[in-house]
Amino acid sequence: MRGPLGPVIGKYPSSSDGNGGMGNGSNDIIKHNRKCRDVVFLVIFIAFWVAMIVNSSFGFNQGNPSRLIYGLDYKGNVCGDRHADPDLRELELRYWLNPNQVYQTGVKGSKFQLSNARSICLMDCPIPSEDGLNWVCDYPEGDIHISVDDWIDRNYDYFADLTPELRNTSLQLQGPCYPVIFPSVNVYWTCQFIARASNVSLTHWQQMGGVKVIEDIAIDKSIHKAINSRSSVLKRYVADVGKSWPVLLVCGGFLPLFLSIIWLLMIRHFVTGMPWVTVILFNMLIISVTMFYYVKAGWIGNDAISPIIGEHDPYYHVSARELNHLHAAAVFMTVLMIVAFLSSIAVVRRILMATSVLKVAAKVIGEVQALIIFPVIPYAILAIFYMFWLSAALHLFSSGSVVQNDCGANCCAYDLKAKRLSCNSCCGYSIQYTSHIAAAILFHLFGGYWATQFIIACSSTVIAGSVASYYWARGEASPEIPFLPVFSSMKRLVRYSLGSIALGSLVVSFVESIRFILEALRRKLKIVNSMPQSWIGKVIYQTSQCCLKCIGCIIRSVNRNAYIMIAITGKGFFKASEIATELIMSNILRIGKVNVIGDVILFLGKLCVSLTSALFAFLMLDTHRYKSAHNKISSPLFPVLVCWVFGYIVATLFFGVVEMSIDTIILSFCQDSDEHQGTAQYAPPLLIETLNDQNETQRLTQ
């Protein structure tokens, strides 16, 4: 059993002046003999950061975010690459030259892949001529003495300048020029064929003696399948995050910062009405965000997302996997909205209890006013980290080597440089990903989560140390409280407890990573129909998932209280967890009655900030800038989700002031009561006054 906390954190002071003076005791309680704890895990954290930098350097060296958006041409160049040969800075659309090769990739049982079909980078998608036959020719080189700019001005057509030999190879669909028989439309920077051949162009082609061009729906489906593949959709989602960086900066950074500070100030000055405002605002926001999902999914109005870029036939529609994902998100938000509304009804019945709890935190913030400003420091650190982390993530996702495929296909194409028909190197190019790239991405994701948990934990510990100083000084701004308690708490954290924080954040990150891996395996098994079929197997599987989630919630809760005890006692993580857990278990009814409803209101407040970030992200992404041309995003889903997550993280930093103030005060009060036979000796007058006003003292000491 745990003994009295007094021997752990320094003897409780006795009055030295006969009237309850503090003497030197309160200072001893917080600033007693400390030493560095869990140093091994601090070394591991530092080594991990070195590995993160090395890992990110690999991404910056090997990655090219343009690969997430644009395709490769027949030379292996990324469309839009100004460093390619030739310069492709304005040529961003990938177009397949040979329609018969495209058809062949869609034939059932064919081994010819679309990546091996001859493709080229253009400025816009070609359309058939209304009274003749248009051509798209290879990049000008060899005996074709025109510049790339002239080639673009000619609509990529120099067929009239070809020798009879080259005209003949072109009529055999072997280049260097290819006919434009099918209309095409720009779908995510790829020219997708419309399987309706132009009769005029096809007639001219046949009259010139061209080989048979196959007309079949497979031409449309083959390209559409490639565009809608899971890997292509994931690349576009990641690219959307990079394109919408101004939205992330405003809605994921500045807006939640402003809203969180406003919320803290309102808690400080208008604490009575804030629970009501939070609950009402939360319901309004979740309804608004859900309606935006409905709009973008096409269920309300006519503003659904479209995969087609630029002007096109309004009667031509292209399905996209992104739209299906928005449908799923809209359904999920609808369920969430209903659950949130019903939960709010239950919360309203206990608003008065939440108000009394928040008053405690409001009075602490009023006395230690630096707590309102302090979260700006971890916020700035996180902002710098996320800018680096997101940039590295974009490069890691786009890393890989451009290699020519080994297709073994029986195809020939005229090589203008070699001045001959080549049948040995007609295979296309693709980006080769290796297993170590996948490992680097997973390592980067884990590192981002661990670093986030570490910074939040540091912030929580500093706040807990500051509030503990306030409590053990009886809530008085006496000389016994160290000058600027927030900075004194920061000094103790940096000097003694960073290893313990690294260990605590690692435990949370590890458990969440296990959950993520198991969920990924579940989805994998579901796809291949290997899930347990018997009801016993399903029950066991669902039970294990539920248990893992419960373990994660318990660990996060224990960690939060462990950080409080680390701030007070200076103990290592496991010892602090033991002390905190035993203290909580012995006072579970007292803490639960007072604290749970306060946590619910704070959680709703965080959701209000993050939902507002998501709502404004929707509004910014709905402008012309992100719906056309270069900055068009495939879907608002990922940018809005990232803004939502960033908004929640920022809110967690600032709302942690209130959250940790309540937890620290309550834990200190319970310990103080236990040490003094049910009568708290160190509770500050302002706390006692608040508890008496709400009759909470009686509840806590029952």
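Heads up, the Cβ atoms here are built off N, Cα and C, so glycines get one too.
Now, the feature entries from TrEMBL:
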type: REGION; residues: 1-23; note: region 'Disordered'
type: TRANSMEM; residues: 39-60; note: transmembrane segment
type: TRANSMEM; residues: 245-267; note: transmembrane segment
type: TRANSMEM; residues: 274-295; note: transmembrane segment
type: TRANSMEM; residues: 326-348; note: transmembrane segment
type: TRANSMEM; residues: 368-389; note: transmembrane segment
type: TRANSMEM; residues: 429-447; note: transmembrane segment
type: TRANSMEM; residues: 454-473; note: transmembrane segment
type: TRANSMEM; residues: 493-518; note: transmembrane segment
type: TRANSMEM; residues: 600-621; note: transmembrane segment
type: TRANSMEM; residues: 633-658; note: transmembrane segment
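When Cβ distances are compared across the two stretches, the transmembrane segment (454-473) makes contact with the transmembrane segment (368-389), since 3 or more pairs at least 6 residues apart fall below 8 angstroms.
Highlighted: of the candidate stretches 245-267, 368-389, 429-447, 493-518, 245-267 has the greatest count of Cβ pairs under 8 Å to the transmembrane segment (600-621). Ranking 39-60, 245-267, 274-295, 326-348, 368-389 by CB pairs under 8 A with the transmembrane segment (493-518) puts 39-60 at the top. When each of the listed stretches 39-60, 274-295, 368-389 is scored by C-beta pairs under 8 angstroms to the transmembrane segment (245-267), 368-389 comes out highest. Between the transmembrane segment (326-348) and the stretches 274-295, 368-389, 429-447, 633-658, Cβ pairs under 8 Å are most numerous for 274-295.
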